[in-house]
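A.B. asks: Quick paste of what TrEMBL says about this protein:
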DOMAIN    7-71  domain 'Methylguanine DNA methyltransferase ribonuclease-like'
DOMAIN    75-154  domain 'Methylated-DNA-[protein]-cysteine S-methyltransferase DNA binding'
ACT_SITE  126  active site, nucleophile
């Protein structure tokens, strides 16, 4: 069974999905994978911990997440998403750096596609991936959301 909870946030409405044991989605409306939420049971119960941790994150009080997640994707997508999990709060990496980290130098574009399919935004921090020249590039939640998250994290790095 899939559970759903809609969460207002400083960057807009977010859709949370769970299989009852782990978080399976943290999506923006209109995201390419939001169709996973169709037919889900509306129930905030499975999301108490993640909602609390997201509230702390947006308040600048949390730099890591401790919630069980379950990612569904191809082997390459999983490699990319695992690499994203190594990017610390307040840090960024380029698409090329992620490609090299997963053993596919020159596959920056494929990394971008994997990021676009990331079903657990923020917690699997695809917003921390930028262009090789430091430019902000695509993000499922929109460029304003990406900028907000990076600004939030850059402010937070001076607190710890």
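Every residue number used here counts from 1 along the chain in the order it is shown.
The backbone N, Cα and C atoms fix where each Cβ goes, glycine too.
All annotation found in TrEMBL is predicted automatically rather than curated by experts.
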A.B. asks: Measure from the Cβ of residue 126 (active site, nucleophile) and count the other Cβ atoms within 10 Å, all protein chains considered.
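C.D. replies: 27, counting other Cβ atoms within 10 Å of residue 126 (active site, nucleophile).
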A.B. asks: Determine how many residues of the domain 'Methylguanine DNA methyltransferase ribonuclease-like' (7-71) DSSP places in helix, in strand and in coil.
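C.D. replies: Looking at the domain 'Methylguanine DNA methyltransferase ribonuclease-like' (7-71) with DSSP, the answer is 18 helix, 14 strand, 33 coil.
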A.B. asks: Which residue counts does DSSP yield for the domain 'Methylated-DNA-[protein]-cysteine S-methyltransferase DNA binding' (75-154) in the helix, strand and coil classes, in that order?
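C.D. replies: Its residues divide into 41 helix, 5 strand, 34 coil.
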A.B. asks: In the predicted model, what is the mean pLDDT computed over the domain 'Methylated-DNA-[protein]-cysteine S-methyltransferase DNA binding' (75-154)?
C.D. replies: 95
